[in-house]
Amino acid sequence: MNFRNKYVLAIDQGTTSSRAILFNHQGTIITLAQKPFQQYFPKPGWVEHDPNEIWYTQSSVIKEAMAKADVTDSHIACIGIANQRETTIIWDRETGFPVYNAIVWQDRRTADYCEELKSQGWAERILQKTGLVIDAYFSATKIKWILDNVKGIRERAERGELCFGTVDTWLVWKLTRGAQFITDVTNASRTMLFNIRTLQWDQELLDLFTIPASMLPQVKACSEVYCETSTPIFKKGIPVSGMAGDQQAALFGQLCVEDGMIKTTYGTGCFMILNTGKEPVLSQNNLLTTIAWKLGDQTTYALEGSVFVGGAVVQWLRDGIGLIPNASITEQMAKSVSDNGGVYFVPALTGLGAPYWDQYARGAIIGITRGTTAAHLTRAALEGICYQVYDVLMAMENDIHAKPKEIRVDGGAIANNFLMQFQSDICRCPVVRPNVLETTALGAAYLAGLAIGYWKDIDELKEQWCLDKVFNPQMKEDTARKLLNEWHKAVGRSQNWAE
């Protein structure tokens with residue numbers, strides 16, 4: 001097929017914004033369009049989105065990206081989707097109307113129910129089947145909450161009238177006007193309902209959470225032609241041929257395609273993923289075992305550490321307490337002081353993720369004196385992101401009994417040179433920043449393009465990976481060790497805080 005003058009459209013549906021990016025055959029960004037959407041916090045610990053607003057903003061940026069590039073449908077070879085994971089949407093199979101707001105991955109309303117499951121002895125069984133720890137983070141308890149708490153919904157679900165999907169499923173449903181009800185293995189692996197060994201929905205877990213199997217989408221590989229669009233956005237059908245959760249898409253976009261390669265994404269949260277190859281490695285250190293991707297019949301597995309609050313702590317400094325006017329000033333502020341002034345910021349604003357998994361931890365700023373300035377607080381917030389990533393890296397090293405050669409990084413925050421240098425200093429490891437920062441979208445584009453032959457194979461993709469900068473450790477090792485000791489003291493103070 002002739003792909004001359006054709007582009008791949010990547011849909012990158014994130015936690016705070018919807019984006020659409022057009023890539024050319026060299027993996028270069030042609031245009032990018034982005035639109036934020038409303039975050040809803042109905043109660044403390046609750047986080048919701050409006051599914052219709054997700055679709056409205058996503059369809060809007062698709063049109064904007066195409067208009068910016070002055071391209072028509074005939075210039076789009078295929079579409080790839082990357083999405084925020086775990087976020088749970090339930091809608092009516094006939095009308096397509098959501099029955100409740102999307103419950104976002106950060107939402108903690110089911111924390112007490114998760115504790116009940118642990119006390120009933122389900123932790124090991126769920127770990128063996130799904131690779132996951134029991135936590136409100138994943139979709140299963142969110143689905144159950146909607147079925148149990150929204151009037152009339154359980155009865156409708158049992159009559160087969162409702163669909164559940166993560167955001168990828170919702171987008172494909174909308175792109176095909178309800179003709180396709182599918183997900184991919186990476187998104188399925190984050191529901192706590194999917195058996196990562198059999199690659200099937202697990203009936204025992206469906207029974208545990210009292211979720212009717214009829215609600216669940218068909219599970220597909222990450223790179224295959226699923227369908228063609230049938231939405232007014234496009235005048236003709238365009239193949240939808242790649243799909244993965246955002247962190248797995250970023251791992252693929254970074255071309256961490258060999259065992260032992262590792263990447264960290266700095267977004268709303270921070271997510272470190274290590275490619276473990278063809279076999280799942282069950283963590284002994286509170287990490288998640290997940291599916292990296294499935295190409296054809298071959299499934300690749302990964303270890304993941306999820307940090308709930310990464311870049312969101314900077315958002316909180318700006319919007320929550322008005323300490324900074326914008327995110328870009330944080331690098332300058334952090335560098336304006338020689339150290340953190342003894343201040344440690346544990347950004348457990350929605351609990352602590354890996355490796356602590358403390359749903360009742362809360363944010364803490366410790367070590368404040370009369371000499372503490374806004375610059376110290378800002379620096380402590382950035383350092384807090386890096387310390388959390390360090391804790392995940394140590395858990396990974398203990399699981400695989402090896403140190404990574406380097407950490408590839410992506411996400412909006414990696415433009416912050418202070419953050420990247422401090423990360424290298426603390427981890428005692430090179431931090432590698434690529435030329436293309438939009439690796440989540442690039443991964444979705446690669447998966448879609450491979451399925452239709454736009455790119456021949458992974459070797460062709462490897463030739464496109466391009467380095468921007470390597471950050472090597474500069475801090476003395478004993479200084480790093482002292483900082484980490486203080487950090488771990490601060491974490492201890494923040495744990496088990498909420499009732």
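Glycine is no exception: its Cβ is also placed from the backbone N, Cα and C atoms.
Non-local neighbourhood of Tyr137 (sn-glycerol 3-phosphate binding site): Glu86, Trp105, Gln106, Ser306, Phe308, Gly353, each in the same chain, at least six residues away, with C-beta under 8 Å from its C-beta. The feature sn-glycerol 3-phosphate binding site is assigned by Swiss-Prot to Thr15, Arg85, Glu86, Tyr137, Asp246.
The DSSP secondary structure for Thr15 (sn-glycerol 3-phosphate binding site) is coil. Taking Cβ-Cβ distances under 8 Å and a sequence gap of 6 or more within the same chain, the neighbours of Thr15 (sn-glycerol 3-phosphate binding site) are Gln84, Thr87, Val104, Trp105, Gln106, Gly267, Thr268. Look at Swiss-Prot and you will find Thr15, Arg19, Thr268, Gly311, Gly412, Asn416 tagged as ADP binding site, backed by sequence analysis.
Neighbour count (other Cβ atoms within 10 Å of the Cβ, all protein chains): 24 for Thr268 (ADP binding site). Summarising the annotation, Swiss-Prot assigns ATP binding site to Thr15, Thr16, Ser17, Thr268, Gly311, Gln315, Gly412.
Among the features that Swiss-Prot reports, glycerol binding site is placed at Arg85, Glu86, Tyr137, Asp246, Gln247, with the record citing sequence analysis. On its own chain, Gln247 (glycerol binding site) has Arg85, Thr265, Phe271, Ile273, Glu304, Thr440 as residues at least 6 apart in sequence with a Cβ closer than 8 Å to its own Cβ. The secondary structure of Gln247 (glycerol binding site), as reduced to three states from DSSP, is helical.
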Residue pair Thr16 (ATP binding site), Gly311 (ADP binding site) - Cα distance, angstrom, rounded: 11
Long-range Cβ environment of Asp246 (sn-glycerol 3-phosphate binding site), under 8 Å and at least 6 residues apart: Asp12, Gly14, Ala82, Asn83, Gln84, Arg85, Thr265, Gly267, Thr440
Cβ atoms near Arg19 (ADP binding site) (within 10 Å, other residues, all chains): 23
Neighbour tally for Ser17 (ATP binding site), based on other Cβ positions within 10 Å of its Cβ: 15
Neighbouring C-beta atoms (10 Å sphere around the C-beta of Gly412 (ADP binding site)): 18
Which listed residue (Thr16, Asn416) has most other Cβ within 10 Å, given these are binding-site residues: Asn416
Other CB atoms, at most 10 A from the CB of Gln315 (ATP binding site): 17
Arg85, Gly311 as binding-site residues, winner by CB count within 10 A: Arg85
